[in-house]
Every structure is written in C-alpha cells, then in structure tokens.
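S.K.: Here it is, the structure, as structure tokens.
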Amino acid sequence: MKSLYSVAEIRTIEHTIAQSLPAGTLMRRAGEAAASAARAMLAGRKVLVLAGPGNNGGDALEVAANLAGAETDLEAEVTVLYLPGSSAPSPETARALARARASKAQFVDSLPLGRDWSLIVDGLFGIGLARPIDGAMRLLVEAINALGRPVLALDVPSGLDADTGAVIGPDGVAVQATRTITFIGDKPGLHTFEGRDYAGQVQLAPLGIDPGQRPPAGARLNEPALFARHLAPRRHNSHKGSFGDVAVIGGARGMAGAPLMAARGALFTGAGRVFVAAIEPAGAVDVVQPEIMMRDAQDFDSGDATLVIGPGMGDSVTAMRVLFKALEGKAALVLDADALNLIADSPDLQGRLAQREATAIVTPHPLEAARLLGVTSAVVQGDRLAAARELASRLNAVVVLKGSGTVIANAGGAVVINPTGNAGLATAGSGDVLAGICGSLLAQGWQPWEAAIGAVWVHGAAADRLVAQGSGPIGLTAGELPVAARAVLNALAR
Ligand SMILES: NC(=O)C1=CN([C@@H]2O[C@H](COP(=O)(O)OP(=O)(O)OC[C@H]3O[C@@H](n4cnc5c(N)ncnc54)[C@H](O)[C@@H]3O)[C@@H](O)[C@H]2O)[C@@H](O)CC1
Ligand SMILES: Nc1ncnc2c1ncn2[C@@H]1O[C@H](COP(=O)(O)OP(=O)(O)O)[C@@H](O)[C@H]1O
Ligand SMILES: [K+]
C-alpha cells in the first residue's frame, strides 16, 4: 500500500522513532540515501549543495560530506552554499556541518556564477517551511530554477507545501526539481496540484523504518490493488444484461457531444447497454457509434440503468426535472458538470443527495467543487484534500476532485490521490469520458468507491498510454480516450 503521510503524521512518527535510535541516526540515513540518489543522477562532476537553516539543511550537509568524503572513490567536486538561520542549528545539523567542513567540499557564501553544475541538491527547506520564501532566499531559488540543471530535492522541493502541493505564497516560489527523494513516508503534496510539476520523479527513502512502525496514513496513492477485487475475468456464460445499463443524461442545445463522449467512455469500458437521453435530441443515431441508443430525456424511462447525469445538460426546466427525479430514485448515480452546478445552487437538492441511500459519485473540477462549497477555486486548489473530504462529508458521496493529481474522497474520510494521467487530459470532453467510465464500472457491479478510484486510474492510464504512443500530450483528443481505456482495463483484468 502506498501511504501518503501528512506533515503532522511524519512528525509523530519521527518523534516515536527518534526515542529508540541514537541521536542523529535518521539524518545520517537520509544523507546516505540521498547521496546514492545523487550519484545515480550524476552525469558529470560538479555538484552544488544548497543547505538551509533547519534539518533539511542538515540532510544536505550529510549529502555533501558523503559525496566529498575522503572514503569515496567518486571524484565529485562538491560546492556547499550553507545559509544558517538566526538561531543555532540542531545538534544533528551541527554534526553534519562539522562532517561537511572536514570533507573536501568547498564552502561558498553566494551562488558561484558561470559554473556548469552537473547536479544541484536542494536542501533549503523541507517540511518545516513556515512561510513564503522571500528576500535573498527567493532570489536564490529563482536563480537556481533559471539554470535549468538537474535538481535533486531532499524530502520536498523547497517552497512546496508537503500537505497540499501548493507553492507557499501568495506569489510564492519553489525549487523546480527533477527528482525528489522523500524521507520516512511519501507525502500528498508531491502528487497533486503543483506538486507533480515541482517534485519530478518521487523516490521514497523509508530510512529503515518499516511499515509496521508507521501508523495508518490519512491518504494513499491510487493503484490497481485498491480496486483489484472487481477485476475478475468475464465468465463465458454471460450476456449483455450481465454488464448493466448506463444512461447518460445531458446534451442541451449545442452540447450534443458531451453525453456522447460519456456514453463512449461507458461503452468501451464494458457496460452492457448504453443510452443517451438528450435534453435536446439532436439525432436518431450516433453514426460514429451506432451501438449507443438515443432517447429523449423528456419521456425516457431509465429502468434499472446506472445514470450519468450532467454532461452538457444545461440548466433548463427539463434538466432540473430529470435531476430531481434521479435524486429521488434508487438508481446508482454519477453526477457531473451541469448537474453539479444545479445542485450547487439548490440547498434542497444538496439535502436530497446527502440523504440518498445509494452513495453517488460526484466528479467536480475545481470550479464546480468551489461552487458546491461556496468558496473560490483558489481555496479549493489551496487544499485539494481538505476540499474533497469536506465535499464528500457534506454530500455523503464519493467525490472525484479532478485536475493534476485527482483526489478521490468518501464520506468515511478515506482519501486517495491518483498518480496516472497527464496534461493531455486538459482538453474538452475528457471529463465527460471519465464520468462515463465511472458509470460503466458502477453498472458492472463495482462499489461506488472502487468504481471511482478504478475509473480515475484507468482514465489517466489511458492518457499515459496515448502519450507513450505519441498521440499527446499536445493535441490528444477526448475521443481517443475510450479505446485506450478499453486496452488499459483489459490489461488489468488479464
Ligand atoms: N522528520 C524526520 O524524522 C527527519 C527529518 N529530516 C529532515 O528534516 C526536515 C525538517 O526539518 P526542520 O523541522 O528543521 O525544518 P526545515 O529544515 O524544513 O526548515 C525549518 C527552518 O527553516 C526556517 N524557516 C521556515 N520557513 C522559512 C522561510 N520561509 N524563510 C526562512 N526561514 C524559514 C525555520 O525557522 C527553521 O529554522 C525534513 O524535511 C527532512 O529533510 C531528516 O533529517 C530525516 C529525519
Ligand atoms: N493537467 C492535467 N493533468 C492530469 N489530468 C488532467 C489535467 N487536466 C485535466 N485533467 C483531467 O482531465 C479531465 C478534465 O475534466 P473536466 O475539467 O471536467 O473537463 P471537460 O468537462 O471539458 O471534459 C479530468 O479527469 C481531469 O482530472
Ligand atoms: K528541500
């Protein structure tokens, strides 16, 4: 299980473990693990080590000592820029400083100009960053980023909030890392919002603390093991009724494509029968995908179908009526797009959703989530985990808060961050496809929680597959996702 620990949880683990280990053990181990990560990245000799005032700086000084120590056969030329704070360093950091000073590392007072660094080690700040990086330190971070050299960040890229993935700001700066080696436990902020861009590749160094010594984490990274129980191979003796019906309700005037995208998402991930019930019927058949059955939302009887409501649905009276009826009914539900905007405007509908017996899946992007919570999208993005948790608890639903590092939360407080997907998904219609996949998995009998995390994983992996084939991220279209999602899901089921 890929646990993600908050800063508070890491501090608790550190506190407990430190009592059973000789002082400075964890920092020494962090320095050793990070030095091997640095060696693995090194394609030249010149290493710049940035060491800040706290224990993150201590880790960096350990790395400098390890890379430039007499015992090493690697001829790295290590330069250390150490920026102590106004208070004395911790005893561990003081020891690391003495080790680094005794090594062959050269200490400097400012960023040396004109050197072609093979690697920069970022040990300015870790989980102790308490306020935005400003003054000379800010200029240093900007100068480092402008160099565009490989950067190994220690624990967290300096400037990034390890809990939220936000650059601590307003208008803050953070070190742009190529790779982040993170200590003791992985952290949510490295995998969502701005975190994926700043952290680069994330590597975990548990520092000898085995999982048994760590309490359960508040969040985890999505992986197929979390929904594997639903990935059974299909029985020979099955028929289309075995895999459920999905009805997508949406498609106001000018928005006919949105429900079709969702319907294709459902069809290509295995739903038995797929309908589109259009608010404004645009045609009797989808000529590209004639398997999809076209209906008029006005008089559509959805029977036992799983409903995906909202893609391109608009806010007409018909839209409102259909949504109301669905919330009243017992069908499994996925609520997306305009359905969420209508619900955001109506405390009555919110109450009905929260009181439903069958848990619905809601798939807001940050602005839709902001409307539902009555805040701005900047507030949602500033703490995506908290926003998803709060929405899940208010709506009593499984919430899929979309965007880079999609966050999935349920009313029981479980939180998962999705690692698949890429910026190719930042294109119109990709959210509709996701809603359709959610509906498809629900219709095939998956539980709402697993349907949501499974759909998000498959949807992102489909985009990754397309990028690997050269069909993105630039110019990837939502219409390509269903076929790729089919390949991903079949590979998982095999
Ligand atoms: N948790 C643990 O058990 C371990 C922690 N280690 C390292 O220790 C780090 C945490 O150390 P600290 O708690 O000392 O925190 P940091 O080293 O992240 O930073 C705290 C220091 O920076 C100052 N500071 C905070 N924000 C600032 C700002 N914007 N401008 C200027 N100064 C600022 C604080 O006053 C303090 O001196 C971890 O990220 C990790 O790298 C490792 O040694 C391994 C073990
Ligand atoms: N930069 C990105 N990285 C990863 N996933 C992304 C990114 N941008 C968008 N996505 C994903 O693409 C989908 C977009 O959905 P949405 O915002 O509803 O758009 P639309 O309604 O136009 O389809 C979501 O699944 C979202 O998580
Ligand atoms: K750092």
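Glycine residues also receive a Cβ, built from the backbone N, Cα and C atoms like all the rest.
Okay, so TrEMBL annotates it like this:
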- 55-59, 126-132, ASP155, ALA258, GLY312, HIS365, ASP432: (6S)-NADPHX binding site (BINDING)
- ASN56, ASP122, SER158: K(+) binding site (BINDING)
- LYS402, GLY403, SER404, GLY405, THR406, GLY431: AMP binding site (BINDING)
- 5-215: domain 'YjeF N-terminal' (DOMAIN)
- 223-492: domain 'YjeF C-terminal' (DOMAIN)
S.K.: For GLY403 (AMP binding site), list the number of other Cβ atoms lying within 10 Å of its Cβ atom.
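M.R.: For GLY403 (AMP binding site), the 10 Å Cβ neighbour count is 20.
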S.K.: Quick one: of the binding-site residues ALA130, ASP155, LYS402, THR406, flag those whose CB is under 6 Å from ligand 1, and say none if nothing qualifies.
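M.R.: Within range of ligand 1: ALA130, ASP155.
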S.K.: Give me the long-range Cβ neighbours of ASN56 (K(+) binding site): same chain, 6+ apart, Cβ under 8 Å, in sequence order.
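M.R.: Residues satisfying the criterion: GLY123, LEU124, PHE125, GLY126, ILE127, GLY128, LEU154, ASP155, VAL156, SER158.
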S.K.: How many Å lie between the Cα of ASN55 ((6S)-NADPHX binding site) and the Cα of SER404 (AMP binding site)?
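M.R.: About 30 Å separate the Cα atoms of these two residues.
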S.K.: Once the chains shown are all counted, how many other Cβ atoms turn up within 10 Å of the Cβ of ALA130 ((6S)-NADPHX binding site)?
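M.R.: Taking all protein chains shown, ALA130 ((6S)-NADPHX binding site) has 7 Cβ neighbours within 10 Å.
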S.K.: Tell me the Cβ contacts of SER404 (AMP binding site) under 8 Å, same chain only and six or more apart in sequence, or just say none.
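M.R.: In sequence order, THR192, PHE193, GLU194, ARG196, ASP197, GLY421, ALA423 meet the Cβ cut-off.
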S.K.: Can you tell me the CA-to-CA distance separating GLY403 (AMP binding site) and HIS365 ((6S)-NADPHX binding site), as a whole number of Å?
M.R.: 7
S.K.: Considering only the binding-site residues ASP122, ALA130, HIS365, which residue has the minimal Cα-Cα separation from THR406 (AMP binding site)?
M.R.: HIS365
S.K.: Just checking the binding-site residues GLY58, ASP122, ALA130, HIS365: which sit within 10 A of LYS402 (AMP binding site), CA to CA?
M.R.: HIS365
S.K.: Among HIS365, LYS402, the binding-site residues in question, whose Cβ has the most other Cβ atoms within 10 Å in this structure?
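M.R.: Checking each of HIS365, LYS402, the winner is LYS402.
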S.K.: What's the CA to CA span in angstrom from GLY405 (AMP binding site) over to ASP122 (K(+) binding site)?
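M.R.: Cα-Cα distance, GLY405 (AMP binding site) to ASP122 (K(+) binding site): 23 Å.
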